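Visitor: Structure provided below as structure tokens; questions to follow.
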Amino acid sequence: MSTEAPKRDQWQWENAIAGAAAGFATVAVMHPLDVVRTRFQVNDGRVSHLPGYKNTAHAIFTITRSEGLRGLYAGFLPGVLGSTISWGLYFFFYDKAKQRYARSREEKLSPGLHLASAAEAGALVCFCTNPVWLVKTRLQLQTPLHQTRPYSGLYDALRTIMREEGFSALYRGIVPGLFLQVSHGAIQFTAYEELRKTIVDLKSKGSEIQNQNPDQLLNSVDYAVLGATSKVAAILLTYPFQVIRSRLQQRPGGDGIPRYKDSWHVVKETARFESVRGFYKGITPNLLKNVPASSITFIVYENVLKLLKLARKND
């Protein structure tokens with residue numbers, strides 16, 4: 001009986017640790033652009049509690065001047081927690097799903113099974129992390145123009161939301177969140193895996209060493225290109241879901257009534273007042289944040305995974 005399966009199960013935590021490290025590194029570097037993106041996403045031109053920004057550079061300058069570093073890093077703690085937990089769970093669930101599908105197959109997994117693995121992982125992660133993303137969004141939208149008492153932090157936000165709006169409020173935006181997580185992750189990881197296989201095959205043909213480990217063929221530049229390319233494809237196809245989710249997750253006004261009732265209400269109002277352009281508000285800071293961020297994520301993930309595997313071999 002092969003010892004490969006027990007070894008895979010024994011060291012399953014490698015993927016979770018590598019993913020968590022990648023998520024933390026990504027948020028720490030790119031968070032100010034995340035704040036700018038969120039404020040652009042919800043500003044439909046009909047709200048009074050958000051300043052108007054001309055572009056990404058103007059937004060960063062204005063936030064720095066009026067709110068300081070604290071404004072640029074609003075929602076940083078839930079951002080770090082959410083991203084670290086999300087990436088850790090995502091890589092863990094994704095690898096588990098791939099292993100399950102691979103058990104009955106000798107050959108490499110097909111693009112369809114990579115897609116199914118990524119979709120399954122995305123759905124599970126969404127249910128686990130939606131409350132954290134809701135709090136992050138609300139903290140990022142707190143400005144000096146806000147009329148309601150601001151949340152003092154993650155714990156105060158969770159407690160206040162539970163008291164004023166009930167437990168179900170923590171899952172506002174779960175529907176577009178599910179579509180976003182499943183489709184975005186599925187597109188990104190499928191593109192990543194297929195491009196990775198293509199690069200490995202090309203490098204294998206040009207290598208003099210036969211049957212070389214794929215990990216030895218790829219370097220950090222390859223991982224950066226793979227991460228960035230797959231991310232751009234995913235963003236362009238799924239960005240409207242991000243806008244819908246952010247608008248749903250806004251804090252209710254002083255009367256306690258949410259600005260939008262549900263996802264369909266967001267779609268109708270956005271299409272009516274802003275047309276297609278409204279569904280892509282904030283895409284510039286989003287690309288500036290996520291394309292290099294995805295490169296960082298996959299560089300850290302693949303290299304941490306290599307180190308953990310090396311440590312395992314030395315044991």
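Any Cβ shown, glycine's included, is placed from N, Cα and C.
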Visitor: Scan 72-93, 116-137 against TrEMBL and say which stretch is down as transmembrane segment.
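Guide: Spelled out, TrEMBL records transmembrane segment over residues 72-93, not the other listed ranges.
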Visitor: Count the residues of the repeat 'Solcar' (10-100) that DSSP assigns to helix (H, G, I), to strand (E, B) and to coil, and report the three numbers in that order.
Guide: 73 helix, 0 strand, 18 coil
